[in-house]
Structure formats: C-alpha cells, structure tokens
Amino acid sequence: MNMNGQDWDTVVIKKKQPSGAALKDEAAVNAARRQGAAVDTQQKFNAGKNKPAQQTITGKPASKLEAETEDFHHERVSSNLKQQIVQARTAKKMTQAQLAQAINEKPQVIQEYESGKAIPNPQVLSKMSRILGVVLKK
C-alpha cells in the first residue's frame, strides 16, 4: 500500500464567531462566560426601570409637568351652534345624510356637529352655512 500522496498535516476547523445580534443574545453571553472569555456588559441609561426621566422632551422636569394645573382640551361645538344646525337643516327638510352629501362630508361629521362632539372646523361650518342659507357662528 502506497501512502506517499497523503497530506498528514494537522487540520484545525474553527467555528465561525457570532456577530451582531447573536453577540447580544443572553445565551451567547452565558456561553462566552463559560468559556472564560472577557464579557463587557453595559447598562443603558434608565434601561429596564419603570421610572420617569428627570428631564422631559420640553426641558421641564417631570415633577413640574405633573404639578401643572392648566386644563388642556379641544374646543367643542357649543350647544347654541348645535341647535342652529339642527333647526336650519330641518327647516330645509334635509336629513343628516343629505346635508353631508351636499357639503361633501361623511354623515358622521354632521352627527358629531349636532351632538356636540365635533371640534369646530371653519371650512365645514362655512360649507354648512352656504348650503343651509344661515350664518353659523362658533
């Protein structure tokens, strides 16, 4: 038997090192610790803590924002305006759906105006004023 053509040098096969997200995986970190590799862990600022940040986006401390007493809410349709819309629409013998179609809006918009839930939009009010023939004021 002739073995002159054989290469008897030692061959070392290495496993590819993990990269990217695999390095951050908890299992990968534990495996590196078991192998005795140096593992550097850093905690991000306020990471994993359910505490409000000291400064907010506005630059005010969170405690000052919590103590803020000013009431912020959107202006709604007044009861006077609601009644004006309903009376003008019924005087023209129109349904909410017909008025909505006439001003190119959804029927839900008219329902919101007549129930007082809508935020007044000058464009919608002017369209309603024109179709109903009545001056509607906020």
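A Cβ is built for glycine as well, from the same backbone N, Cα and C atoms used for every other residue.
Unlike curated records, TrEMBL annotations are generated automatically.
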Exercise. Which of these ranges is annotated region 'Disordered' in TrEMBL: 38-57, 58-77?
Worked result: 38-57
Problem set entry | Per-state residue totals over the domain 'HTH cro/C1-type' (85-136) - DSSP helix, strand, coil | 34 helix, 0 strand, 18 coil
